[in-house]
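Heads up: the structure comes next, in structure tokens.
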Amino acid sequence: MVSEKIINLVNEQITKEQYAAQLYLSMSAWFYAQDLEGIGNYFRVQSKEELMHADKMFDYVNDVGGKIILNEVPKPPHEFDNAQEIFEKALDHERLVTKSIFNIVKTANEEGDFSTTSFLQWFINEQVEEESSASTLVSKIKMVKDNPSALYLFDQELAQRVFVPAAGN
Ligand SMILES: [Fe+2]
Ligand SMILES: [Fe+2]
């Protein structure tokens, strides 16, 4: 039995994941416009992952008999000053999402809602990974700073990322 309150929080989280997808796609577009297609690719894959997160939550709400309510997805920013700013914003955003997921888990714990805490365990682990990779990329882009050949190699590295749908999804 999952409460209305939890269903609302998960519905809101669906929108947050969709917003993350929009944000990363917008960041991806910025890099493509700079001819940094590897980094553009990285954010594009990241965007697809966020849509997959929204999808998992969509299924969960449906599985527990809740009503899926889709909200308006806010418009993402399109203007960025430089690559470092983007990586820092991406890290900030992941931290925000982690907080938001923790808040649902906290509420689910208070309600003794074990199905939601169990469902969200995957997301808690995922956020550890997301924050870790976002933080590594912030460090790397700082190393690259104003060095065109380092930026070229960094771009090549991020070109390797491919979208892999999560198992059991
Ligand atoms: Fe996500
Ligand atoms: Fe994420």
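Just so you know, glycine gets a Cβ as well, placed from its N, Cα and C.
Keep in mind that TrEMBL annotations are predicted by a computer and have not been checked by a curator.
Note that this is a predicted model, so its numbers are computed, not measured.
Per TrEMBL, domain 'Ferritin-like diiron' is recorded for 1-145. What TrEMBL records for Glu17, Glu50, His53, Glu94, Gln127 is Fe cation binding site.
Checked against ligand 2, the binding-site residues Glu17, His53, Glu94, Gln127 give Glu94 as the ones with a Cβ under 6 Å from it, listed in sequence order. The Fe cation site, placed at the center of the C-beta atoms of Glu17, Glu50, His53, Glu94, Gln127, has further neighbours from the same chain whose C-beta lies within 8 angstroms: Lys16, Ala20, Glu49, Val97, Phe123, Glu126, Glu130. Non-local contacts of Glu17 (Fe cation binding site) by the CB criterion (under 8 A, 6+ apart in sequence, same chain) comprise Glu50, Leu51, His53, Ala54, Met57, Val97. Its own atom aside, the Cβ of His53 (Fe cation binding site) has 25 Cβ atoms within 10 angstroms in the protein chains shown.
In the three-state DSSP assignment, the secondary structure recorded for Glu94 (Fe cation binding site) is helix. Cβ neighbour count for Glu50 (Fe cation binding site): 22 (other Cβ atoms within 10 Å of its Cβ, all protein chains included). The Cβ of Gln127 (Fe cation binding site) lies under 8 Å from the Cβ of Glu94, Val97, Thr98, Ile101, each on the same chain and at least six residues away in sequence. Filtering Glu17, Glu50, Glu94, Gln127 by Cβ distance to ligand 1 (under 6 A) retains the following binding-site residues: Glu17, Glu50.
Other Cβ atoms within 10 Å of the Cβ of Glu94 (Fe cation binding site), summed over all protein chains shown, number 21.
Under DSSP, residues within the domain 'Ferritin-like diiron' (1-145) fall into helix, strand and coil as 116 helix, 0 strand, 29 coil.
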